[in-house]
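Before any comments, here is the structure.
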Amino acid sequence: MKCLFLLCLCLVPIVVFSSTFTSKNPINLPSDATPVLDVAGKELDSRLSYRIISTFWGALGGDVYLGKSPNSDAPCANGIFRYNSDVGPSGTPVRFIGSSSHFGQGIFENELLNIQFAISTSKLCVSYTIWKVGDYDASLGTMLLETGGTIGQADSSWFKIVKSSQFGYNLLYCPVTSTMSCPFSSDDQFCLKVGVVHQNGKRRLALVKDNPLDVSFKQVQ
């Protein structure tokens, strides 16, 4: 039933878009699409790289970074972590790849997107830069964020950026099965919150019921 509802929901923008589309009147973004802003107040650009930083300071702060997962047999670093404080190393740069990229280079709230670590790597490790949600971890009681995802595919790699109820933004994981038919949706019934759990003394990004991670975005110069 939920899948049927989601399909109906996703068809609405298709009807709206197709009714106004001609070769002389190209598809435009929904009128209520709100650009995601970085800490400088500039709109995020899919061609640029950003660090995902905390909206808090001190022990409550810390950038997001790529690191080695405990007990992982992956040939490359594949864990997504957050530093234990904002005093220390900078996070690993990322870029955001929107599912509606044919509308332009902007990144918008509630838009389905992929997240990729923007780093130089070997050919072997290229696929270990794209975010996804891994299998259920029984010891932690949740699913952990890791790399090894796929850009533009309906698997475990779709996320959203939404405005936080407190400060900055939240990240959501949205396991939809029909991606391009519904690039924008403010209905988060089908999305799960991204937060932090503690794994071997580190803060690991994971799916949570409460206390989602509040983040901001800082452009890498």
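Backbone N, Cα and C atoms are what each Cβ position is placed from, and that goes for glycine too.
So that you can see what the record holds, here are the features copied from Swiss-Prot:
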SIGNAL    1-22  signal peptide
MOTIF     25-30  motif 'Vacuolar targeting signal'
DISULFID  CYS76-CYS125  disulfide bond
DISULFID  CYS174-CYS191  disulfide bond
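Features per Swiss-Prot, on structure.
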{"residue": "CYS76", "record": "disulfide bond", "DSSP class": "coil"}
{"residue": "CYS125", "record": "disulfide bond", "DSSP class": "helix"}
{"residue": "CYS174", "record": "disulfide bond", "DSSP class": "coil"}
{"residue": "CYS191", "record": "disulfide bond", "DSSP class": "coil"}
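A simple way to gauge crowding: the CB of CYS76 (disulfide bond) has 17 other CB atoms within 10 angstroms, across all the protein chains here. Cα of CYS191 (disulfide bond) to Cα of CYS125 (disulfide bond): a distance of 28 Å. A sphere of 10 angstroms centred on the C-beta of CYS125 (disulfide bond) encloses 18 other C-beta atoms. Across the structure, CYS174 (disulfide bond) and CYS76 (disulfide bond) are spaced 25 Å apart at their Cα atoms.
The motif 'Vacuolar targeting signal' (25-30) scores a mean pLDDT of 46 in the predicted structure.
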